[in-house]
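**Q** Okay, handing you the structure first.
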Amino acid sequence: MGVNLSSMRRLRKRLPLSRQVPRLPPSRVSSMASASAPKCNSHTSENEPVKSTSQDGVNCDLNETVPRLPGETLITDKEVIYICPFNGPIKGRVYITNYRLYLRSLETDSTLIFDVPLGVISRIEKMGGATSRGENSYGLDITCKDMRNLRFALKQEGHSRRDMFEILTRYAFPLAHSLPLFAFLNEEKFNVDGWMVYNPVEEYRRQGLPNHQWRITFINKCYELCETYPALLVVPYRASDDDLRRVAAFRSRNRIPVLSWIHPENKMVIVRCSQPLVGMSGKRNKDDEKYLDVIRETNRQLSKLTIYDARPSVNAVANKATGGGYESDDAYHNAELFFLDIHNIHVMRESLKKVKDIVYPNVEESHWLSSLESTHWLEHIKLVLTGAIQVADKVSSGKSSVLVHCSDGWDRTAQLTSLAMLMLDSFYRSIEGFEILVQKEWISFGHKFASRIGHGDKNHADADRSPIFLQFVDCVWQMSKQFPTAFEFNERFLITILDHLYSCRFGTFLLNCESAREKQKVTERTVSLWSLINSNKEKFKNPFYTKEINRVLYPVASMRHLELWVNYYIRWNPRIKQQQPNAVEQRYMELLALRDDYIKRLEELQLANSSKVSSASTSPSSPSQMMPHVQTHF
């Protein structure tokens, strides 16, 4: 294939990737998730010698280095027996800081066994008692939020277990002990400020808002209208602030219908809110009914407004008993309602527990498919994706605008709106666009991260905990598998987000809503996860990405096309590994490096011959004329 300089430059512009072939495979996310000795980023962590007196009475002056972030301090270290479910008991030394639990083997070459942020821990239990007999029967059993368990055997004498239990409990659950989360102690510095990624005014302006039909209101600037909504909202131009207050009185938690996204051409919109407060008596609110009609008429829509209620219909009916409900046909004449049958947070929590049971520590090969089916996890993923596809298709087709809600509008609603926006708007498929999508639809609009994840809270049985955001990211991964060139980010990007969802290293996912973050001054006192990612974007880029404008993605939400995300859920099992590194991706990166090398050579030849070209009028004027038959290996 003949390649001239101009075509090579166009190719480089289309694929602006590093010439270096990455050594780390996508599934090995960060030092916190590594099974080998971590390599610390020079601007994010420090390698400092640890000097301490261990709690088991042994004076230690360690020559080994333990990675520590700025602001991270060593609390204790102790000799333990790690009960590895794959390789049996391993003698090692565990180091506990105010951020992580770090285990180094003492048996071989002092290799790292694991490095676990304390925020990942959901439960710490004592195993065995003072009278326990049998090898390694006395110690601690630690349950983690990222699909794994850790077991340590300790000496029975000298209160060895008690000291470690108390220290771990104190620093893994700091809020229960009046201590700050590590994010507020973290002193990392990055060359990019991730808190600057999302500016609501700029994001709405990118969508062409405000316009003649939609306006930006600051009625919630002090969070007086709705405590869990952001300060800035987009509402119909014809609706006054007084109208909004009356509507808020009829919506659960005052979460009124507000705009999330507008189609750039047909002007159909995605609107989100919470359930109406209909109750058992079937209350009506003329202001709410009129408001939904105003939304329908903003783009001169003749058809009915489509309302997607994320809940199963039986659940929506049951919610009437607690004062909630749904929009009935007799009250909302110009709207049609569809239920999407997505189950509640409790069902999702139990489903994930079943997934954990089948993936860690052992994977039962002979009954794998039936075991996976019994978890219903992929079934739930399918229903969420199916609902989002319906929302996206309705808006993209120009048939009608869409209103989405569940009960309170911060769990299933966020899943549906954000996934539909990801399908409709190619901007959100870039690294920065996806960060903005998460900031907007999840963080600003009040998904209860603190309650759903349980940051720093020892109450592991809390009924509010649920993997709603994990489900969303899983759906994104399913889409990226079906459209491998559509997303700028890679699998490593998604896993990094999930790991730091739990880690408490960054302020991004802390607390339940924007007003709470304002009170705690999170953006001033903590570092954003996007600072870490955007300071080193090359690690998180998909080499196959092809930027496309206005392409709508419709994934196939069929059980035949969905699969368990092995590189996330089963990554801790050394016996079940995808080929690493990915051979196709590796070869592609090599070809990109080769491409850049050819471009460099052509540019050098152009410079070397520039004087000859200028002095001889008959000389070729460009490398493409001088070398019309340059061949490449691809």
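Just so you know, glycine gets a Cβ as well, placed from its N, Cα and C.
Nobody curates TrEMBL annotations by hand; they come from automatic prediction.
So TrEMBL lists these for the protein:
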type: ACT_SITE; residues: CYS406; note: active site, phosphocysteine intermediate
type: BINDING; residues: ASN344, ILE345, CYS406, SER407, ASP408, GLY409, TRP410, ASP411, ARG412; note: substrate binding site
type: COMPBIAS; residues: 28-44; note: compositional bias 'Polar residues'
type: COMPBIAS; residues: 612-624; note: compositional bias 'Low complexity'
type: DOMAIN; residues: 194-569; note: domain 'Myotubularin phosphatase'
type: DOMAIN; residues: 375-437; note: domain 'Tyrosine specific protein phosphatases'
**Q** Is it possible to get the count of other C-beta atoms within 10 angstroms of the C-beta of ASN344 (substrate binding site)?
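**A** By my count, 17.
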**Q** Take the Cβ of ARG412 (substrate binding site) and count every other Cβ within 10 Å, whichever protein chain it belongs to.
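**A** ARG412 (substrate binding site): 29 neighbouring Cβ atoms within 10 Å.
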**Q** Just to confirm my parser: what is the rounded mean pLDDT across the domain 'Tyrosine specific protein phosphatases' (375-437)?
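**A** The answer is 97, the mean pLDDT of the model over that range.
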**Q** Tell me which residues of the chain lie with their Cβ under 8 angstroms from that of ASP408 (substrate binding site), as long as they are six or more apart in sequence?
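**A** Those within reach of ASP408 (substrate binding site), by Cβ under 8 Å and sequence separation of 6 or more, are SER252, ARG253, ARG255, SER274, GLN275.
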**Q** Work out, from DSSP, the number of helix, strand and coil residues along the domain 'Tyrosine specific protein phosphatases' (375-437).
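**A** Reading the DSSP string over the domain 'Tyrosine specific protein phosphatases' (375-437) gives 45 helix, 4 strand, 14 coil.
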**Q** List the residues in the vicinity of the substrate site, defined as same-chain residues other than ASN344, ILE345, CYS406, SER407, ASP408, GLY409, TRP410, ASP411, ARG412 with C-beta within 8 angstroms of the site's C-beta centre.
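**A** Those within range, site residues removed, are ALA310, THR413, ILE468.
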**Q** Once the chains shown are all counted, how many other Cβ atoms turn up within 10 Å of the Cβ of the residue listed as 'active site, phosphocysteine intermediate'?
**A** 28
**Q** What number of additional C-beta atoms lies within 10 angstroms of the C-beta atom of TRP410 (substrate binding site)?
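**A** Looking across every protein chain shown, the total is 25.
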**Q** If you measure ARG412 (substrate binding site) to the residue listed as 'active site, phosphocysteine intermediate' at Cα, how many Å is it?
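**A** Approximately 6 Å lies between the Cα of ARG412 (substrate binding site) and that of the residue listed as 'active site, phosphocysteine intermediate'.
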**Q** Quick one: pull the CA-CA distance for the residue listed as 'active site, phosphocysteine intermediate' versus ASN344 (substrate binding site), whole Å only.
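**A** If we compare the Cα positions of the residue listed as 'active site, phosphocysteine intermediate' and ASN344 (substrate binding site), the gap is 9 Å.
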